[in-house]
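Here is what TrEMBL says about this protein:
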DOMAIN    21-375  domain 'Major facilitator superfamily (MFS) profile'
TRANSMEM  20-44  transmembrane segment
TRANSMEM  89-107  transmembrane segment
TRANSMEM  119-137  transmembrane segment
TRANSMEM  143-164  transmembrane segment
TRANSMEM  176-199  transmembrane segment
TRANSMEM  205-223  transmembrane segment
TRANSMEM  288-305  transmembrane segment
TRANSMEM  317-338  transmembrane segment
TRANSMEM  350-367  transmembrane segment
Amino acid sequence: MDLDEAFLHTGEFGRYQKRLTGFLVLLQVYVASQSMLIVLVGAVPEYHVIDQENIPESKEDYDKYVHYANNFTSIVSEWHLIKHEAYKVNLASSLFFAGLLIGNVLFGPLSDKLGRKPVYLSGLFFDIIFGYLAALAPSYEVFAISRFFVGVMNGGMALVSFVLTQEYVGKSYWALTGSLTNLTFALGIALYALLGFYIRNWRTLAFVANCPGIFFFLLSFLLPESPRWLYSQGYTAEAEKVLESIAVGNSVNRPVIKLRLGAGAAKSGGPAHSVLDLVRYEVLRWRTLILMYIWYVCSLVYYGLTLNAGELKGNLYLNVALSGLVEVPAFPLCLYFIEKSWCGRGRATSGFLVFAGLGCIFTMFLPESNECRAL
């Protein structure tokens, strides 16, 4: 039997698979807090400059001339990132997303070559280490460099964990697990805002927000390797054992899983597939370019709005929470449309893009305000 047929015997989304994917879906709360960390720890508190004309060059003397509101602390208030130093907050955010890009590019091929589980565990481990280093950073430079490496590990680890949520289940449940992953990320933003509301010291907030990573890291050792990856690499016997353990965990009478040989063509000397296949064939090349452009536009708008939540008027923590909660209705709607035969993936994508574009056009005609200019 082939792999998809084997999942029909073991259960496509049984009790055991629900536990596995549920655990990885909850990991998105940690991923979200690391991704949105700068929104609160880089927020600018109200401050008053006593003598505008005689501010010293030495940062050690800043405390004599600049008084910050005491409702919360941030890297701005600790390292006086105001005036000509204000760009450093955005720089730290940019370094994180530069690391995110590198992590996504590196971890995908690595997980294809070395396996999902070891690459995922390594990324999560170093994500935690650099997360604590950022929380304890003695200087802005150490903080910024740490955030870059958090971005590398966070982006790569999150990518591999997402792939695992797909590869543990039958293909008819891929849309569900993918939607739940993104839904939990949105809820994670709101939970991070709630945590920031109660923890106003930025170092304590960064430290506490990083602590759940230890819980997820330790429990992740219990995760099995992806049966789809094992099968694709020619480890047929190992894939059969994982599938049999899934069947047992689903309380299915232990079936005899015998997979067809030949999936690991690369191991036996056959032609190996690679990411270059996406540009080697004309049909795949154009589809890949279109999807990459769509992903670029969506990410640009999404993170532009979400990271800007801290700059809007009103309550800082409520704005951040709402920036996450406003996404929640989209995921059940998306899941509904892409599963309908009359809509599917392509039409659903086009429809949501059209409505998003209309929403952007609509905001252009809103009355001018500080909030509109911030957007």
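Cβ from N, Cα, C; glycine included.
Quantities reported herein were computed from a predicted structural model and do not represent experimental measurements.
Outside the transmembrane segment (143-164), and at least 6 residues removed from its termini, the chain residues within Cβ reach (under 8 Å) are 20, 24, 27-28, 31, 34-35, 37-38, 75, 88, 91-93, 95-104, 106-108, 110-111, 116-117, 119-120, 123-124, 126-127, 130-131, 133-134, 137, 178, 181, 223, 226. Within the model, the domain 'Major facilitator superfamily (MFS) profile' (21-375) shows a mean pLDDT value of 87, rounded to a whole number.
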